[in-house]
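Enquirer: Pulled these features from TrEMBL for this protein:
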type	residues	note
BINDING	A:Cys229, A:Cys234, A:Cys237, A:Cys245	[2Fe-2S] cluster binding site
DOMAIN	A:5-96	domain 'FAD-binding FR-type'
Amino acid sequence: MPNPYLPVPAKILAIQPQTPVDYTFKLATDIEPAWGQFVEISLPGYGEAPISISDAGAGYIELTIRRVGQVTTALHRLNPGDTVYLRGPYGTGFPLAEFAGHQLVIAAGGTGVAPVKGLINYYANHPGELEGLHLLLGFKTPADILFRADIERWQTIFPTILTVDQGPGGWPGRVGLVTEFVREIPLKPHARIIVVGPPLMIEFTVAEFIKHQVNPEQIWVSLERRMHCGLGKCGHCKINDFYVCLEGPVFNYSQARNLVD
Amino acid sequence: MGYKLTPAGFGALLDELATNYQIFGPVRYAGKGRLAGTDLTTYGPVRSVSDLVWDARTTFAPKEVFFPVKESLLYFSGQEITEPSLEMKETLVFLRACDLNAVSRLDKIFLANGPEPDSYYARRRQHIHFVLMECQEGFPGCFCVSMGTNMATGHQAALRLENDHYLLQALAEPWIALGERYGQPARVEPVWVEKNPLTVRVPERVDIALFQHELWREYACRCIACGRCTLSCPTCSCFSVQDVIYRDNPERGERRRVWASCQIDGFTDMAGGHQVRADRGDRIRFKVLHKIYDFRRRFGINMCVGCGRCEEVCPEYISFARCVNTLNQLMEVQGRDA
């Protein structure tokens, strides 16, 4: 019987610091994830952590990892050429078929941009699949902005609102919470919406879209949990009768609104 | 096939079994109880017929025989990762009907839920065989009849202690051969507990609006998040995965899993210190609804088997049964008002 807990080694191809605490790791692997899925990354002796896949291509995936705990601190000490261990991919990705031919709005806050970065890049390369893509990206301060090069490219392709919660003097861009800018997006009746970010950001941003006549069925969210197995066994990510690692992390909001911790 | 055995005959039967099997059952450890001067009744190796305890419920459930409290998943040696091998003798577990039903709940999580079976659980489980210990009547706080777990299937044999002898219902080998050898043929029909003093009414549906009900606030004050209820539960299956480095050789270590509890602090901790269900009342709600509602929505059967252990071990006298009955009343009131 195959051992689903056995990770496979993956070489670090490159490490790109996004901020002093967020690094993007490019890892050599044959994993072909759906956008929105996650992997369990581990370093023997330090532990395992579920991390969403922030981008992928032939022979590699990218993970954008914030240094917040034991495993991520150890990962941040590594160099290109070092080896990490992977299991996955796990969970459901974003339902691209539901988006095809429709206007799509992606609202993402902070590290919540990571799980949608690959999807946005996919649409940047396949713009014909959608009837327009609007981006609404929020970060705490200008210093917290992730994926600057990607965002600059997206700004030339898609209507993009980039905002920070607090802007110091000299910040030329928007200041304010993501929720404040929803009204600026010219929503079409059948628009599809993705909201990813911290729990409160998701709650209030979704409420704002619903205020603008968007049905819950038109909204998808991605939930964060600390999965210890990714296989529906350990129980850490269970909400009601769902397992975020199996039925999520991407949920349609008509379902997610009934998930009560 | 039915057989009647004397204690000596049954003892000889166990001795023969012990050559091929390891045998676990409810045993009593004198003086090891939680309070001074009390005994601990729990699962342990059965060496003789007199070891088997018939007159008490075990504090802990038989699950630890095949779902160890702590289990090594992988060993690390430098860059090399190896899987621990398992050489396990065929294992017999003597257990009650509720606990045998609980095994099917564990099987659902470990073997059926998710994309593939849990290989560590599966490789132990295939060596486990069950012998049912019949209950004449339940223990205080049991509600197996309410949960439909007073009857059981999946055992090789059923055993009943009757006055000065044992009655054995042999359903498979090696029990038929052993019964022939050590007992006298007898007519043995299974006996099930048909009534518990305690009745628990499980609501068919639990409205999400009840998640905010003040019922849970009482538990927020009373529960001390010790986790005893979940550690004694025959169906709790949650675990955490952690890495350890051996202190005397930092080049080597292991990844292991240990039992975890949704009642204990840290269960939902996420990156950056964020957690859900910080409130203990919410944790009780989460556990209770899993046992009597969420699991059933997913697998078609209730997770709780009505063994009554969680209530017995709770230092705060929190009654699971009372909580479920209260929920049922609230749903009935709601149904009437609707």
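The backbone N, Cα and C atoms fix where each Cβ goes, glycine too.
Unlike curated records, TrEMBL annotations are generated automatically.
Walk me through the surroundings of each of these features.
Expert: DSSP assigns A:Cys229 ([2Fe-2S] cluster binding site) to coil in the three-state reduction, placing it in neither a helix nor a strand.
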Enquirer: How many other Cβ atoms are found within 10 Å of the Cβ atom of A:Cys237 ([2Fe-2S] cluster binding site), counting all protein chains shown?
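Expert: The answer is 26 other Cβ atoms.
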Enquirer: Got a sec? Which of these binding-site residues, A:Cys229, A:Cys234, has the most Cβ atoms within 10 Å?
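Expert: Checking each of A:Cys229, A:Cys234, the winner is A:Cys229.
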Enquirer: Could you break down the residues of the domain 'FAD-binding FR-type' (A:5-96) into DSSP helix, strand and coil, giving a count for each?
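Expert: Helix, strand, coil within the domain 'FAD-binding FR-type' (A:5-96): 8 helix, 50 strand, 34 coil.
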Enquirer: When you measure from the Cβ of A:Cys245 ([2Fe-2S] cluster binding site), how many other Cβ atoms are you left with inside 10 Å?
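Expert: I count 28 other Cβ atoms within 10 Å of it.
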Enquirer: Whose Cβ lies within 8 Å of the mean position of the Cβ atoms of A:Cys229, A:Cys234, A:Cys237, A:Cys245, the [2Fe-2S] cluster site, other than those residues?
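Expert: So the extra residues in range turn out to be A:Pro50, A:Arg225, A:Met227, A:His228, A:Gly230, A:Leu231, A:Gly232, A:Lys233, A:Gly235, A:His236, A:Lys238, A:Tyr243, A:Val244.
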Enquirer: Tell me, what is the mean pLDDT of the domain 'FAD-binding FR-type' (A:5-96)?
Expert: 96
